[in-house]
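To start, the structure itself, in structure tokens.
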């Protein structure tokens, strides 16, 4: 409503009113006790102070309006401000989180980080070897992706608990995207890093918000089932190939007659041992109350925890010894992971093209061919990596806000770095972060000890790694990921919102039946359909009330904003109800916090319909910002009031008589 | 909250309160004057009576719960009920709208329909010939698609103003989808009809709700520009081919040296004449007040309107006569539309495969090949047809609700019928419906006179049609569609909601640059992104208030429902604000009308965070249905209150002392 609009038909009846409660959901803000009808315009200014978040409905730029008279000057000013803020101390500390904690680094921090770093290191080495198997690349590449990114994360990472490196989910996605081709896996690592970095710079971290809890649970559960499936063949000692769940199981059954007794025996034993050790890690001896425990109790508890936590490393060492013992025997009873080249990988750029030897097809592949074969993986791998990483940050943040932008930059740069030492895509690992946190990590510096262990093992221990039986690595993976199947989430989901089981279950099934990236996109799409349906079908209550003055009227209350998918539905309902009951109609807009052009046109039609029927129509408690949108079309007979008692005056003004009386 | 939950940590503090206003946005409903703390469970039952529309947030099925003990019996019962309602008299009348008006059909209706039907018939014949040109098929096929569907619409159509037949938009989409192949255009007509019918049966009519006003305006404007562009070549007498806007204009400029003077002269003259006659149709002689007009005035006005409205038919007849006159001259100065086979088309199924002669490539095409070449057109053509049709219904419904499902069934069956007489896809035409309405149409029966005219013209007049110059038909199209460019919509859009110009302009540009179906999908997608952004970023107000008892507290008010894309944003904001200001925090949930599982997990985390910080957190005015969702996870320290005065009691209970005092 523009000032000076009084000559138009548009009337805004605004009453000053006493505040009955500071937060009663209405939009009055004047503390005067009595009401006057005020037909002039004062819709500007939001009475509800301090609104934050998205402006108005979507894109208005209040508070940042640039005057038209001096745009170039303003632009320069804006650029200067932008540049200044980009290089302010606060911004630099935000983008280089190391500057926040390194100056205060003390000996307590150092000890905490040392213990945590070494514990994580003992976990990451067997995991890296095993996850390389999931990614379909030789075991050494798992270790290659576990050290350089750690250092990058120390500088750029904002979350102390993140141990950067290969993870089960990222490895499986790498396998499904790169198809086990080492060159493509390394290029994928580089390009994922670039995409993550770009997403961070463009502030696209909010995209993970669209992966809801149920979709994430469904995805994780499906991934762990697929990973278990992919490892079953190593436990059984057979060679069943395939990428999707069904395909692998079919191949396992086809190859079932080749099952190797010794591999199977070792694998199952290892799984049992790992599960038992996992329980040991959580056991406590002595009295329940911590303060009553004797020193011995505490030492035993600590030892049990340490042994339990290092179970992967212990198991792999023991099995490696067994493998070494049997290697001289004529018929090796176990399949071993085989030779691992000693020493650090050479530092060189990722492969931007493949020679004929390096491809499955035997043809050369150019950069564009490689990229197009990676396809949607270039989007899905970064997004899932971010999702995993954010999940860790949130789990251990104690409620502190998580900076998704900074994490994107950190894992992006870490992956780019890893691709120069032939790593495949990695991110923060949830299982290792739990170890990290439980070991008392204090800062991201713990990563440096992890890195040191990996480098040492590459330099000195690779000859021994080659004796590790494949079945024992498969057991390490199975015993880890089987707990990622989130069956326990079904019950609370059922208790809170049963309909959320649909996207959860849908994602789970889609991820098992389709390639993973299609599965998660399906789940997110399904969830988005829910949001859209929600936007399209607001809940509308219709009540027949009597005004203080004794006039009957119909009050229609939509419960959310009026935007294009819903307005026709609202119009149909308002029309139906108001034709059925020939009463004055009040549309209570207390909950209408936004509207758009389509809504304005429909409100215009509704007011015309009512005027044609000579049926009074009033809008109650319409937010000024929404009112301004509706008035943009200057609807013919648009009356808003803000104080309930005033309805009778409005009806009197309209000289309203019920239809029945007129027709009689 | 389940009854008997009192032993859990979950506390629900509910106060009975006096209603201060019948619709004040809070959820109290008991008219008792004083408050008691009630820690038992009574969250079931919605206090706000008569809620309609989508249940709760998304998919709960309240009121339709099927007992588990006797599911098969219940299912039978449900099927019986469903079958009964499907064959009830009301349902039959709903699905066969002819039964509603035919029994009351009287002579007034008959006269109104006769006049309107013949006027529309005079419009549809030249339009059908012209639109066939847009669709890239011989002119006769336009007439073939203009008669059988009309009868079907009489039986099934729910809107009196819809003249079923070819339209400019549907013709252009047909051209872009079928590429001017007659067989494919007819199959597209059949399959579009099937898709429309299926969408009607499945109740998918709501999909058009997702085409917002701005997107629809952008699309229509782009379509009319493309159609004008496609006709320019006929006006100029050249042969510039192409499908997209840019392509056609490039070809026109390439071929500009071949411009035919006579065609150009005729075309431009026709356009000028049509525009003048259009103005004449709207002119009125005599006094402005209708009652003061003399009989002569009225007759003159009526005549001017009739001549103006029949301008297309008059022009085409005159130009046909000119074409006939010149046909004997040695060098025909005009390009004519050429031979039209006389008689009605044969009644036969649409072609389900093409022989080598019928395709451009010269290869046979099977049904699947034809379908895959039609591609996304199979979805877009039905949707746009529905959109056009619904737009007509709404324009002339006088605010009565439009039954999208019935319209889908009607146009679906009409298109299926048309495909058996070699028609191409059609729908209700906006330009002819305006003529129909202005001519005083009373029921869909007017379609029968239109049909009769088309059939007569096919039987007797086709030999004369062949003399119509192409340029005059192009002029008919240009003079009609040029008014579809919705420039006038920009200003109100700017005045109501500037950000709505983005999807409008985006769709416009995308439709010009890309194939039409991609363009509109782009526009809808852009608009959906707005909704998603809106769902992801609620507006949150933060205020520092003082309770009646004098305690300072922070009140945080999100303005809409808490669902997965927004909850992390809300959590971050709540955490940031509450850490910054170490005060008790109240989350005012008056506007939170829905939530999901992801929101429940986040609320659980927030309550844990606050408990860890020993900072009191209360939820105010939480809707019982949402409360039940949050309590599904049994959050540790979850306190809801419904009456503001009670905050002080709650703070006393918690023995809250500000942090500063404790640390001092």
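Sequential numbering from 1, following the chain as shown.
Positions of Cβ are set from backbone N, Cα and C atoms, glycine also.
TrEMBL has this to say about the protein:
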type     : residues  : note
TRANSMEM : A:110-132 : transmembrane segment
DOMAIN   : A:112-502 : domain 'SLC26A/SulP transporter'
TRANSMEM : A:138-156 : transmembrane segment
TRANSMEM : A:185-208 : transmembrane segment
TRANSMEM : A:265-283 : transmembrane segment
TRANSMEM : A:304-326 : transmembrane segment
TRANSMEM : A:370-391 : transmembrane segment
TRANSMEM : A:448-465 : transmembrane segment
TRANSMEM : A:471-490 : transmembrane segment
TRANSMEM : A:502-533 : transmembrane segment
DOMAIN   : A:554-636 : domain 'STAS'
Residues of the parent chain within Cβ reach of the transmembrane segment (A:265-283), under 8 Å, 6 or more residues beyond its termini: 234-236, 301, 304-305, 307-309, 311-312, 314-315, 319, 322, 334, 469, 471-472, 474-476, 478-479
For the transmembrane segment (A:110-132), distant same-chain residues with Cβ under 8 A (at least six beyond the ends): 138-143, 145-146, 163, 165-168, 171, 306, 309-310, 312-313, 315-316, 337, 424, 429, 431-432, 435-437, 439-443, 445-454, 457, 465, 468, 473-474, 476-477, 480
Beyond the flanks of the transmembrane segment (A:502-533) by 6 or more, those residues with Cβ under 8 Å of it: 172-173, 176-177, 210-212, 214-215, 217-219, 221-223, 225-226, 243-246, 376-377, 379-380, 384, 489-490, 493, 565
Other parts of the chain folded back onto the transmembrane segment (A:370-391), taken as Cβ under 8 Å at six or more residues beyond its ends: 159, 162, 167, 169-170, 173-174, 176-179, 183-184, 187-188, 191-192, 195-196, 199, 205, 207-208, 211, 216, 219, 352-354, 402, 404, 407-408, 411-412, 415, 425-430, 516-518, 520-521
Winner by Cβ pairs under 8 Å against the transmembrane segment (A:471-490), considering only A:138-156, A:304-326, A:448-465: A:304-326
For the domain 'STAS' (A:554-636), residues assigned helix / strand / coil by DSSP: 42 helix, 15 strand, 26 coil
Model confidence over the domain 'SLC26A/SulP transporter' (A:112-502) (mean pLDDT, whole number): 88
